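These notes are about the structure you will find just below.
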Amino acid sequence: MKRTNYAGNITEEYLNQTITVKGWVAKRRNLGGLIFIDLRDREGIVQIVVNPETAATEVAEAADKARNEFVLEVTGKVVERASKNDKIKTGGIEIEATAIEILSTSKTTPFEIKDDVEVLDDTRLKYRYLDLRRPEMLKNITMRHATTRSIREYLDGAGFIDVETPFLNKSTPEGARDYLVPSRVNKGEFYALPQSPQLMKQLLMTAGLDRYYQIVKCFRDEDLRGDRQPEFTQVDLETSFLGEEEIQELTEELIAKVMKDVKGIDVTLPFPRMNYDDAMNFYGSDKPDTRFELLLTDLSALAKTVDFKVFQEAEVVKAIVVKGAADKYSRKSIDKLTEQAKQNGAKGLAWVKFEKGEFAGGVSKFLAESTDSFVNELKLTDNDLVLFVADSLDVANSALGALRLTIGKQQGLIDFRKFNFLWVIDWPMFEWSDEEERYMSAHHPFTLPTKETQAFLSADGHRKDSDLKKVRAHAYDIVLNGYELGGGSLRINSRDLQEEMLSALGFKLEDANEQFGFLLEALDYGFPPHGGLALGLDRFVMLLAGKDNIREVIAFPKNNKASDPMTQAPSIVADKQLEELSIKLANKDQ
């Protein structure tokens, strides 16, 4: 029989009508005289009622046999419910069943299909098709759909063209590790799955498309965490002839539409701007969470005046003040903060409590003679806790930035109802990599440097590594609640400048042509000024849904070992397949 509507949509408008619904048994209760079945589908739950004494024999038997997760087709009359349930949309009605057909039976599930059930992550992933039946997960997945629909509506209306770019690409350096795909036809050669469509979308600009977008899968072989997956989805944009502010304005309008369509929230435009240096110096992060204060203070000048070797020998001394919370932090809890600071590169964590007009505990004996100066500089009041890091500027910012987030959560300083958007602008072009022992591009090698700092790229033989620190980029990141939501930049459209950039990154001209020759050649054929941005769709939906792990908004994600417990991917393949690809495994038995 044809379904009348989704079970979760049957409301008072159907009163006294005979309807048909189909779905899964969420709960079955036999209360002696009556059998109640909660029937669930993607839209919600409706209550089915069967009176064994008055119902047809086959209806009573089907209701008696039904168990959790059986799939049923139910036909019946919609009647007013005696005891209403205001918590659900269908709570004012119930269906008196006149026909029940069991479409499919079910074994006992490995976990209850309901929200807030405690299950191991890998068990949820192994039975993901069951996990997705839970109302919360269905809500997350439908929210993802609503988000992509809103994005497409805006971009289509703004003149963007949706273009698919290839998944089988050339492997290029600079960035995370590639996922490699061996070629059977071209023995010993490999494709790389795209970390982003960066170069392809730039080539679409010189092709004359003017405005491109794509909601696209990307792949990065990197260590996983809550907001990362080996395969992820980004909203990829590129435009010709637009400046930095125009691209930001367009992105703001896109986000504002999504927020209104998906969350019913009106966001204020334009979003605030913060330059990179201020983000690092005051928040200790290039993706600052601006929902709360707890800013970093530079005490270097004052700290050098005290008789404390650790302060005197450090490049900088910075601090955060936890207002009115000194009595909430025991020595043990401060030790935990110290360990976190060390994990972020600091040698240690100095601290004092300000109690009854004087410093106590920690390094208080070294600051006693300068109490008034520190009190005035930090605007201290009674029961404040001060945490210091004395180290290099980068380490002090990083360590205190991490502590800031931890303390913000501990002290309830964060308003989790807020959506605080922010642009971080004026980025450095390069950042030092301890692992590579060289400067690397902070975003990617195709970012346009500012005119004022391009001279520091000069490859005339006099450039020093330290000059690269002075180069600034036309780059911009969009941040939401302490997460990088996306990043973009204006791009280089001059071959000479692009070759200078690659040279600064250590590429010899021959290597540059080997890796990026197709782009360099394209730059000889009238390449327009262009720029763009990519938004992380998974991360955006995660934040809209109020989750802290993108697995909650992806239908079939991987675990933290980049594995799929359901399909057992990745897996060993047959020797014959490897032979066809001319691949021989090293240390196969280890």
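Using N, Cα and C of the backbone, Cβ positions are placed for all residues, glycine too.
The L-aspartate binding site feature in Swiss-Prot is assigned to E174, R220, H443, R491; the stated evidence is sequence analysis. A coil conformation is recorded for H443 (L-aspartate binding site) in the three-state DSSP classification, outside any helix or strand. In the structure as shown, the Cβ atom of H443 (L-aspartate binding site) sits within 10 Å of 20 other Cβ atoms.
Per Swiss-Prot, the feature region 'Aspartate' maps to 198-201. Counting residues 6+ beyond its ends, the region 'Aspartate' (198-201) has Cβ neighbours under 8 Å at 165-166, 169, 172, 212, 214, 236, 238, 444, 446, 516, 518-519, 532 in the same chain.
Feature annotation from Swiss-Prot assigns ATP binding site to R220, D221, E222, Q229, E484, G536, L537, D538, R539; the stated evidence is sequence analysis. Cβ-based neighbour count (10 Å, all protein chains) for L537 (ATP binding site) stands at 25. L537 (ATP binding site) falls within a helix when secondary structure is assigned with DSSP.
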Listed ATP-binding residues R220, D221, E222, Q229, E484, G536, L537, D538, R539 - what's their greatest C-alpha to C-alpha distance in Å?
19
Number of other Cβ atoms within 10 Å of the Cβ of R539 (ATP binding site) across all protein chains:
23
Taking Cα atoms as reference points, rank the binding-site residues R220, H443, R491 by distance from E484 (ATP binding site) and give the first.
H443
Pairwise CA distance, R220 (L-aspartate binding site) versus R539 (ATP binding site), rounded so that it is a whole Å:
15
Tally the residues of the region 'Aspartate' (198-201) by DSSP class, grouping H, G and I as helix, E and B as strand, and everything else as coil.
4 helix, 0 strand, 0 coil
Which one of these binding-site residues, E222, E484, has the sparsest Cβ neighbourhood, judged by other Cβ atoms within 10 angstroms?
E222
So among E222, L537, R539, all listed as binding-site residues, which is physically nearest to H443 (L-aspartate binding site)? Use the C-alpha atoms.
E222
